[in-house]
């Protein structure tokens, strides 16, 4: 059961590692391809060479290049670029000279190589030798002139260029920003289009200019303080703080701008220090710091600040983030307090907040409270109507109730159909999970079939449903259908597939799946994957192999691993391995719950001895 390699997923991972310049991940990925004898096509080889070049490993890129029988022009160009990007300009020139054929990209790459090494004459000579030119060619020379202080030459070339793009404009704007900011502004206004780089160039030089303007002002009013606020909002915090420190008087609004700038950039310690230095605070001050703590610090820090707040008048966004974090950490009572405090105010609580609270109840096992809150939401005015997230959360609550709230779940399913939301992948996935939990595989399949755009989560819901019902064939068939549908399998997918193989006793299929997971899908095995394989060995009576796997896996063993092995020893009357597993189960379990560990271990041991 080895699936065909998902080329799209592989190429996506290569591009991500290249963009992140992550050499360790790049090498690990290539190592997996080699270990599994992956047959590289030309496209994959080219992307791997580019990846290594961007990650700084020209040696690995060259090894791939040397393995190609007859490299084409594109592959020669990739190697020239790799050498040039990493400062190996002589090697880049040698590769260029050795290339049997050259196209426009070859010549432009060589021009850029000379430009990066600040060789003005070589760039000019390269352009003269080129059989034809485009805007990339001219930009190389323009950039070289600008970077090496040849401002008049750069200006003359820019005027004479037959075509210009946004990069051309960025080069000259950046040049003039250094020597004549007014001229840079004029060029900025004339540019046909602006990129992020264009804006950043002007903003960076405005920061220095704003300092000079600020220092020369004989008196300062609210307009001058906007210079500080503008720098803070644009992320130029050092510049903003420098101006702020020189301000003879500081309004509360200005304090809040500086505080918000540091909090939103992740420097929560500096933001906290600013808050403690403020002569007075308001709700905006506390909300800004709380938002920063929720995003960049721990829930404990955020909770302590929330408790210390003199006014609990939280903004809707901050309050929703706080209650969501409380519920995800199992502190649903604290989440409910935040929710109630929001409702106690005059402003109307929005649907996002309602959804977060309903989902928090469902996730924490408080299904009754989730259903009650949903019914309360239904009674509100018609402007606040349940959406897909609402239905998904309350359906999850019905499924997780003990016992499952079957009648309520079916009623909510009918409401979703009436609102035409059962086709939504989020709602559909929750419906599939609910019906598989209450024993309705046929109903789950019907819900799954109605989903218009099935994503990985939707497919996983169906796979897990088949696995929980012991339908190994259903899992395998769905897994293959998932590949044909274009959905990309993830770690959850393989837990379902391996678990179904374990329950069915399919050791060959499980081995193929486990190997394919790393070789074809590049997914690292988790403890759950190892547990499924170990459980399969144990079920088949291969106790020694199961024990070896527990000891050899790259994760620390748990009490559950050894209890599972002990259970298998009881079934197969393997006293020797059973006694060893019992000792390990007690040792690991004692750390968490010594009484439960001892009780469970003793029961399994007694069961094993009584079976002899």
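Just so it is clear, glycine is given a Cβ too, placed from its N, Cα and C backbone atoms.
Listed in TrEMBL for this protein:
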| type | residues | note |
| --- | --- | --- |
| REPEAT | 72-106 | repeat 'PPR' |
| REPEAT | 134-168 | repeat 'PPR' |
| REPEAT | 251-285 | repeat 'PPR' |
| REPEAT | 315-349 | repeat 'PPR' |
| REPEAT | 350-384 | repeat 'PPR' |
What counts of helix, strand and coil residues does DSSP assign across the repeat 'PPR' (251-285)?
26 helix, 0 strand, 9 coil
On the repeat 'PPR' (72-106), the mean of the pLDDT values is 89
Can you break down the repeat 'PPR' (134-168) into helix, strand and coil residue counts using DSSP?
26 helix, 0 strand, 9 coil
